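Colleague: Here's the feature list from TrEMBL:
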type	residues	note
ACT_SITE	GLU150	active site, nucleophile
ACT_SITE	GLU154	active site, proton donor
DOMAIN	70-264	domain 'GH16'
CARBOHYD	ASN158	N-linked glycosylation site
Amino acid sequence: MPSSSSPQSSPVSPPKSSYCLIQTSPSSSGFEARAALLVSSGLSQRQAEMTSPSTRLCVCLLHLAAISALASAGNFYKDFDITWGDHRAQILNGGQELTLSLDQASGSGFKSKNEYLFGRIDMEIKLVEGNSAGTVNAYYLSSQGPTHDEIDFEFLGNLSGNPYTLHTNVFSQGKGNREQQFHLWFDPTKAFHTYSIVWNTRRIIFLVDNSPIRVFNNLESIGVPFPSNQPMRIYSSLWNADDWATMGGRVKTDWTKAPFTASFRNFNANACVVSSGSSSCGSKSTNNLQTSAWQEQSLNAAGRNRLRWVQQKYMIYNYCSDSKRFPQGLPPECKRSRFL
């Protein structure tokens, strides 16, 4: 079972080179796309050609993020359906914000109207404040059925003053058991923070405020299932799980603190939408400049350094280190570096 440990007593600030974390695979078309972005961001063609690779990458990513935000900024009325909880789930500010609430009678949840097969999904979330023990706020991608695929963020509440546990997991063909858990280097209840999933044919990257915290690589070549052919919707829910969520269920939900509320805003999906069996990424009208970045995303040296920083200081459970749980041997992906 996942274990818990105390947070770092004095959080360390992230490395300052945190904005150039992702790189695309080298190709002539990739360079042309980066150069085009640099020119469109205010540099001349000659200046674009003379900038260093790291500068080109950094400026391109920042500009691409701005393009994606403008092109794909979501509206909760348009992009999501409230699936349960009645009045406990509310869309506010003309569709710019959504809140989920939990009381003793019920929690609440929503799901995306669209299904996606690969892409980058971003959501800003502000978690339940105060004593959130026993509560779970789930935010994930999932298909349906007994052999479903799933990519999970789950936020496990705690007593006031104690840190949230960020629980991550990857399911493929109905099989999960790939949990990694973290504490965060900030208080996720005081402000909105961005939680992102990059999912392409080669890897899944979990990011918090654009910092990678986990990479799950496609290792189908050695028999490890990978989510690659089932379109998934985005789901989120706020619910009571005090039989296991906080300190293994020893701390129960304090209903005198209800209702518990989490808030969501600034949803972005730069992704392949699947409808009637066809993907938007196969359309000739697709903006290849916009979609190419996530399709080839990996971690560069700065990204690998940030991943190490997060996992060394804030990871509190890793299934790949739990030999007692796997007495017959650790899963095959655990034999590969998690920092690649």
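Using the three backbone atoms N, Cα and C, a Cβ is placed for every residue, glycine included.
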Colleague: Near ASN158 (N-linked glycosylation site), which residues of its chain come within a Cβ-Cβ distance under 8 Å, counting only those 6 or more away in sequence?
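Modeller: The list for ASN158 (N-linked glycosylation site) reads SER132, ALA133, TYR164, THR165, THR246, VAL251, given in order along the sequence.
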Colleague: If you draw a 10 Å sphere around the Cβ of GLU150 (active site, nucleophile), how many other Cβ atoms fall inside it, taking every protein chain shown into account?
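Modeller: Cβ-Cβ neighbours of GLU150 (active site, nucleophile) within 10 Å number 18.
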Colleague: Non-local Cβ contacts of GLU154 (active site, proton donor) (under 8 Å, 6 or more apart, same chain)?
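Modeller: Looking at Cβ-Cβ distances below 8 Å from GLU154 (active site, proton donor), excluding near sequence neighbours, one finds VAL136, ASN137, ALA138, TYR139, TYR140, LEU166, HIS167, THR168, ASN169.
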